[in-house]
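Taken straight from TrEMBL:
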type: REGION; residues: 1-27; note: region 'Disordered'
type: COMPBIAS; residues: 1-14; note: compositional bias 'Polar residues'
type: DOMAIN; residues: 32-108; note: domain 'Nas2 N-terminal'
type: REGION; residues: 110-139; note: region 'Disordered'
type: COMPBIAS; residues: 114-131; note: compositional bias 'Low complexity'
Amino acid sequence: MSTSSNPATNQEQANEMGFTLPSPTSPTQIAQTLIQKKETIESELSTHISILRSNNVDMNTPLLDPEGFPRSDIDIWAVRKARVRIIELRNDLRDITDEIGKALEGVYAKPTASSSSGSGSSNQSTQVQQQMDVAQEEEELTPFARVNSVAPGGPAAEAGMQREDAILKFGNLVKSSFDPPSSLMPLAGLVSQNENKHIIIRVLRAGEQKYLTLTPRQGWGGRGMLGCHIVPYSG
């Protein structure tokens, strides 16, 4: 049995079944591809960090003994190579995190008038209405937490989170998810359930809303799985 890989044929078959395949260049597809790349970078980064840990050093530990000779208790070559690669990967991670944020803005962008024009099919009308409902919901979000501090090199820093960011949405959590508002226990529970998994966060920063992709994890070199201190929002 042979199957056709022609994109046009696949789309025609999908239309007959009542749905539309996402475009390879749609914001959703772009975001998914970028997130996969981010996972690859994070995996390699973890590998090189483990090399430092196995030698009981970090990015700043001296590699020379008090007399100025290379330390004999560590693999100098492996540590130096790992440090260089960690710097490169952290830069790549910062860049791709910014790209993910921009792609997510496209995913949740409010549809324009042109996006609702075209064939006028009920399918497209339904999709546009759903997008408008999502946009309206996102516009009505209000802050429920504030980032009080961010640890360098932690998951929050790698996600692009900054001090004083006001959190509008954390995964599926919004302001109404917290009762009383002063308790952030639902957020802690969500984090613990999503170790090494991506959580999409929406924050308000200097009057502008931004999307971040945070990956909670242990062993990044500090306390907790986020690398930041989050407190209830008081506006």
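A Cβ is built for glycine as well, from the same backbone N, Cα and C atoms used for every other residue.
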Legend entry - Residue counts (helix, strand, coil, in that order) that DSSP gives for the domain 'Nas2 N-terminal' (32-108): 55 helix, 2 strand, 20 coil
Inset, instruction - State the mean pLDDT for the domain 'Nas2 N-terminal' (32-108). - result: 87
